[in-house]
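Trainee: Here it is: the structure, laid out below.
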Ligand code: THU
């Protein structure tokens, strides 16, 4: 059976302090990421699903880049908030490993990044990077990328000698 996953409250200062300590995030960064991810839901373009997802990314230089899901009349063409945000950050010139990714939705309990986004995140982050997932009540779950995507494939695997 899968282990139980804690749902924490961003209104509980003990929960937030423990998360910040465990994942090496400042209290200010946690609150900024939460607020910016929640705010980013307002720019989601989701007329087909009506399911808003906001995302906030803490970059290597401690700036925050935000984004939201962008859907399309040809449904599979739509893009998740995480990939919109990471693509935006990369094309704004952010090249170092991202430090934290936060996502926010209007449901409860929190939603987690889809499989395709987990792989997309994998390209630009350490396996230990925390992913903060906020629900409609600002309760949250935090897990590391390696928890959401075990035994993953990444850029370093393409460097392994494959013989001649
Ligand atoms: N969505 C995201 O933006 N991120 C995820 O990780 C899961 C799903 C979006 C895609 C689509 O616009 C809507 O949520 C419903 O699937």
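Each residue, glycine too, has its Cβ placed from N, Cα and C.
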Trainee: Could you look at 80, 125 and say which one TrEMBL places alongside 114, 117 in the Zn(2+) site?
Mentor: 80
Trainee: What's the CA to CA span in angstrom from residue 70 (substrate binding site) over to residue 80 (Zn(2+) binding site)?
Mentor: 7
Trainee: Could you tell me how many residues in the domain 'CMP/dCMP-type deaminase' (28-156) are helical, how many are strand and how many are coil under DSSP?
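Mentor: Reading the DSSP string over the domain 'CMP/dCMP-type deaminase' (28-156) gives 44 helix, 33 strand, 52 coil.
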Trainee: Find, among the binding-site residues listed as 69, 72, 74, the one whose Cβ has the highest number of other Cβ atoms within 10 Å in the structure shown.
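Mentor: Highest number of other Cβ atoms within 10 Å: 69.
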